[in-house]
Amino acid sequence: MEWLYLVIALAVLAVLAVAGGIGLVVGRGRRARPVEPPRTTPGDVLAPPEAPDTTVAEPEAEREHAVVVPTLERPERPASRLVRLRQRLAGSGTLGRGLLGLLSRDKLDEDTWEAIEDLLLGADIGVQPTQELVERLRTRLRVEGDAGTDVRTVLREELINLVDPTMDRSLHVSGADGEPGVVLVVGVNGTGKTTTVGKLARILVAEDRSVLLAAADTFRAAAADQLGTWGERVGVEVVRGPEGGDPASVAFEAVKEGVDRGVDTVVVDTAGRLQNKQGLMDELGKVKRVIEKQAPVTEVLLVLDATTGQNGLIQAKVFSEVVDVTGIALTKLDGSAKGGIVVAVQRQLGVPVKLVGLGEGRDDLAPFDAAAFVDALLG
Ligand SMILES: Nc1nc2c(ncn2[C@@H]2O[C@H](COP(=O)(O)OP(=O)(O)O)[C@@H](O)[C@H]2O)c(=O)[nH]1
Ligand SMILES: [Mg+2]
């Protein structure tokens, strides 16, 4: 009999224990959620603005996107970019180190000056600017060298002068009287136009501007898709037309839409076919004319691939003859030893470099600054 009571008591205990366990599990399931930090507030799936490499954060961000309400990316603020990207100029750093090494020799003989000239020419600075720089260095180091002036300081000052800190490098992205600013992006195929338009949209968004993109490269449907992807991530819409359609009408529609909606800036991507100058002139001329029925083009950005050197410059010159280029976006400076092209292109086209592309990452486009650039070169 006592056995029976014991068994019943044990059974009751066992039932209670199991029930309690379930209760705990359910309870934990219910209770745990509020204790966890909120899953996502807009932006917290993103790398912080000063994150060293946004591409590293991508897989994580995408995984988060799968489970939460879609959030827009918050692009890195432009001001910190050139500093973050300075190591990307490693290839060009050879120039800075080489120059410093040669100029620091005890005796600056003719052979040394010749080696210095070769270095500068090899970095695509161009003949005329090379001669000017060598002349300035010779004079200053002869005069100031005795007084114990630091070679590095002299070189830094002269390089900055060469890059020209007085040029206005601001991007004209605002229109007058409440009209949108219109940025027309032109250049040879493959130089990085579409990528630059996407990256530029991010810079504008980072500065809290409203943006609309125009996919006026109608020759490749992929170009419009490419822009669409860039835009989606930061909540920027893309106006596109039928494949093979008239680029000017896409540009017109986009700017009209921009005016109607009162957006801050419309950025227009174009095709870069360079069959002949006449064809190019007709097409780009028409795009610009048609846009200006709605609002003036405030900036014509010529995209130039730094790795193509002097050859790229010749092609770029054709564009500058066709449209009034107001700024240059120099792409693919990462890993190029041709940083001197900044000087050459400004001299030859008479237009400032305003943006530099330093990688394929989303925020690898930086506003250009003469002193920061030279500091990066000198390491
Ligand atoms: N490394 C590097 N690649 C770039 C840069 N800018 C663009 N690219 C690449 O250049 C290629 C051509 O770019 P795309 O924008 O399609 O050129 P488009 O034909 O002028 O529109 C793409 O693979 C880009 O990722 C840059 O600054 N650095
Ligand atoms: Mg393109």
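Please read every residue number as a count from 1 along the shown chain.
Even glycines carry a Cβ here, placed using N, Cα and C.
Cβ environment of G187 (GTP binding site): K193, G272, L302, V303, L304, A316, F319 lie under 8 Å away, each six or more residues apart in the same chain. The GTP binding site annotation in TrEMBL covers 187-194, 269-273, 331-334.
Per-residue pLDDT, averaged along the domain 'SRP54-type proteins GTP-binding' (352-365), amounts to 96 for this model. The feature domain 'SRP54-type proteins GTP-binding' is assigned by TrEMBL to 352-365.
Look at TrEMBL and you will find 32-60 tagged as region 'Disordered'.
TrEMBL lists 6-26 with the feature transmembrane segment.
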Which three-state DSSP class does K193 (GTP binding site) fall into?
helix
Three-state composition of the domain 'SRP54-type proteins GTP-binding' (352-365), taking helix and strand from DSSP:
0 helix, 6 strand, 8 coil
Sequence-ordered binding-site residues from K193, T270, R273 with Cβ under 6 Å of an atom of ligand 1
K193
Across all protein chains in the structure, which of the binding-site residues K193, R273 has the highest Cβ count within 10 Å?
K193
Distance-selected binding-site residues near ligand 2 (C-beta under 6 Å), from G187, G190, K193, T270, L333:
K193
